[in-house]
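Everything below concerns the one structure shown next.
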């Protein structure tokens, strides 16, 4: 494959601009099932066009076509975000009203922007890596964590939230959106991981240091303990804990946790049942040397938390959230400090694991013991 294939995917994704404009005007004249069928045909055509782009030298990695289609949908989501902000008009108006009305929520707005910016850049990078036959395992795992987190919160939230009674046929488009990332995640994880060529002496010296002699790791451990408590606390709020502290926090700090849209509740439950176990495992990995799996799970978790906190913070402050559920003006500084710190911590841990991995490398002695 050549670099022109990656450029072709980029141009193909931009075709979403005229396609959505035409699609919106045609959709206004047909019923919901016709809209779903037409949308499915469009996505299939995008995949076929991506195949035509690389017909002479097709890629070895079939995920090339998945990223091409998802890149197209990322531009669609960016268009939705711009239309919701009133910057453009007439591109997705009918679809937002009749197809997926839950995208009009503050949370829906934020994930559209995340998908149309962060995910879009990841797709372009991964497509370029495939075209140049380079490894993209690191950014791939980060993307897997990000998109899986959005699926875990967004799809159930559409069903159990206030829009649960307005589920339209377009909801079935979520099926490939859910299945393909899971399949992609397994393929990315099974790609060869990076080989670190550190001298055995260096690895042994690093792994011989206890936690007190690794100040940055010690700070990370303390922060992980605090983050675990924060996760459990907000998880209890999502479970309607009657404690006075939970009530006061919800009333004066994060009233958005009680939003009937259900996205914040599901997000807190995802933190409780996903992040808390991860934090416990990460604490173990920072204390016990040779946990070779730490970089991978840390990347996945960092991607998930980046998407989750971007969406949660944005939706908590967004004008589309009812005033009574928005963060009070006097609480914004504390709210932002807590939530930004909580979102940055996994990124710092991922950076530490990827760029200073000596402590996590399995030594030959460990392999012999196994």
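Glycine is treated like the rest: Cβ placed from N, Cα and C.
Some features that Swiss-Prot has for this protein:
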DOMAIN    60-185  domain 'EXPERA 1'
DOMAIN    216-350  domain 'EXPERA 2'
TRANSMEM  3-23  transmembrane segment
TRANSMEM  34-54  transmembrane segment
TRANSMEM  62-82  transmembrane segment
TRANSMEM  110-130  transmembrane segment
TRANSMEM  139-159  transmembrane segment
TRANSMEM  166-186  transmembrane segment
TRANSMEM  218-238  transmembrane segment
TRANSMEM  268-288  transmembrane segment
TRANSMEM  331-351  transmembrane segment
Do at least three C-beta pairs under 8 angstroms join the transmembrane segment (218-238) to the transmembrane segment (331-351), pairs 6 or more apart in sequence? yes
Short question: which residues 6 or more past the ends of the transmembrane segment (3-23) have a Cβ under 8 Å from it? 38-39, 42, 46, 49-50, 53-54, 59, 64, 67-68, 71-76, 79, 90-92, 95, 120, 123-124, 127-128, 130-132
Restricting to the same chain and to residues at least six past its boundaries, which positions have a Cβ under 8 Å from a Cβ of the transmembrane segment (34-54)? 1, 5, 8-9, 12, 15, 19, 23, 26-27, 64-65, 68-69, 72-73, 95, 98-99, 169-170, 172-173, 176
Positions on the same chain near the transmembrane segment (268-288), where near means CB under 8 A and six or more residues out: 149, 152-153, 211, 217, 220-221, 224-225, 227-228, 231-232, 234-235, 237-239, 257, 294, 297-298, 301, 304-305, 308, 349, 359-360
Tally of DSSP helical, extended and coil residues in the domain 'EXPERA 2' (216-350): 110 helix, 0 strand, 25 coil
Looking only at the domain 'EXPERA 1' (60-185), report the model's average pLDDT. 87
